[in-house]
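Colleague: Heads up, here are the entries from TrEMBL:
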type: TRANSMEM; residues: 12-32; note: transmembrane segment
type: TRANSMEM; residues: 52-72; note: transmembrane segment
type: TRANSMEM; residues: 79-97; note: transmembrane segment
type: TRANSMEM; residues: 103-128; note: transmembrane segment
type: TRANSMEM; residues: 135-154; note: transmembrane segment
type: TRANSMEM; residues: 174-195; note: transmembrane segment
type: TRANSMEM; residues: 207-227; note: transmembrane segment
type: TRANSMEM; residues: 233-250; note: transmembrane segment
type: TRANSMEM; residues: 262-285; note: transmembrane segment
type: TRANSMEM; residues: 291-311; note: transmembrane segment
type: TRANSMEM; residues: 323-345; note: transmembrane segment
Amino acid sequence: PGLALFRQGLRPFFLLCALWAVVAILVWVAALHGAALPAGPLPLARWHGHEMLAGVVGAALAGFVLTAIPNWTGRPPYAGAPLALLAGLFLAARLVLLPGSPVPAGLAAVVALLPLPALLLTVLPALVEAGTPRLFGPPALILAFWVGDLLMLGEAAGWWEGSFARGELLCLDVALALVGLIGGRIIPAFTRNALKGAGRPVETRPLPGVDAAGMAALLAVVVVDLLAPGGRLAGAVAALAALLALLRLSRWHGLRTLGRPILAVLHLAYLMLPVALAVKAAHLLGGWPWAANWLHLQGIGAIALMILAVMPRATLGHTGHPLAASPAMLAAWALLPLAALLRAFGP
């Protein structure tokens, strides 16, 4: 019963994520090509960075946790009017910040900061009832992501000064940590299950400290970039995190998934995590100009590609469709890494 769009968390939020990615990129490309866009609550370059993170990544995170937590806890799916209201909050947050929005910056910031706390309050009762500490990892990181959003919008609203860039980097790093956390849970499991189902079972030799150390290093990247961004310490921590992420990935039998694109793309997305961190380390430790655009390699290559890898798979699985990649999916999975490389290393 009810509108199909609001029967599961992934339905409205993955749709919002995909649509807003297109809208925000088109607006930004128009601006880069000289379109005279009206002023809004945020300067256009800051609007672009904010919306790629809070808008696109935020919607993807909402769709993921609203879909995953019922699976983790055994509760019914989030659906109906509460889900519609939450989706409406996310959409309102996007609209009040658009170029040309007449909403004052302070009020726009308040509206734009509402969705993630509302999301966390929605899922918190199920997590508390389940009483499983490891389930609190993604929501805790989403709270840190919201703090980054607050730092960005707080400066834009005039509540304080000098925090936008740090908030933007915090959101970017927290999103990367979520790639490490969620990818580290689903990629090995999906790979084992798929290869076992194909009569090619694999086992990963236990290395108990590797996963924990890898996540600790990603969290260290978050903390160091918040407190001392852009220095040699940040570069060293990024290099360590890259090595540990690559070690984790090497144990997941990615080469055996090459005939299954819907699975292989998850490994490719995770591979972009250590690649982006290594390029970041090269820039911060070596000062090489070719590595200066590491931020886009992290955002487009690791974060956006993981979103684009997870959304179709989750949607197909939760709506009863076969886990098979369409030609459009294959094209998107090929084009996005290419876009990341061109943006990071192109002219």
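Glycine is no exception: its Cβ is also placed from the backbone N, Cα and C atoms.
Note that TrEMBL annotation is computational and uncurated.
Remember, it's a predicted structure, so these values are computed and weren't measured experimentally.
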Colleague: If we call contact 3 or more Cβ pairs under 8 Å (sequence gap 6 or more), are the transmembrane segment (291-311) and the transmembrane segment (79-97) touching?
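Modeller: Result for the transmembrane segment (291-311) with the transmembrane segment (79-97) is no.
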Colleague: With Cβ-Cβ distances below 8 Å as the criterion, list the same-chain residues six or more beyond the ends of the transmembrane segment (233-250) that contact it, or say none.
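Modeller: For the transmembrane segment (233-250), the far contacts come to 180, 184, 210-211, 213-214, 217-218, 220-221, 224-225, 267, 270-271, 273-275, 277-278, 280-281, 283-285.
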Colleague: Should anything in the same chain at least six residues away from the transmembrane segment (79-97) have a Cβ under 8 Å from its Cβ atoms, list it; otherwise answer none.
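Modeller: Beyond its ends, the transmembrane segment (79-97) has Cβ neighbours at 2-3, 6-9, 12-13, 16, 20, 40-42, 47, 50-51, 54-55, 58-59, 62, 66, 103, 107-108, 111-115, 118-119, 122.
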Colleague: What same-chain residues lie close to the transmembrane segment (174-195): Cβ under 8 Å, and 6 or more beyond its ends?
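Modeller: Counting only partners 6 or more residues beyond its ends, the transmembrane segment (174-195) has Cβ contacts under 8 Å with 53, 57, 61, 64, 137-138, 141-142, 144-145, 148, 201-204, 211, 214-215, 218-219, 221-222, 245, 248, 251-254, 256-257, 260, 263, 266-267, 269-270, 273, 276-277, 298-299, 302-303, 306, 310, 313.
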Colleague: Hey, which bits of the same chain come close to the transmembrane segment (103-128), Cβ under 8 Å, at least six residues off its ends?
Modeller: 41-42, 54, 58, 61-62, 65-66, 69-70, 73, 75, 78, 82, 86, 89-90, 92-94, 96-97, 135-136, 139, 142-143, 145-146, 149-150, 153-154, 156-159
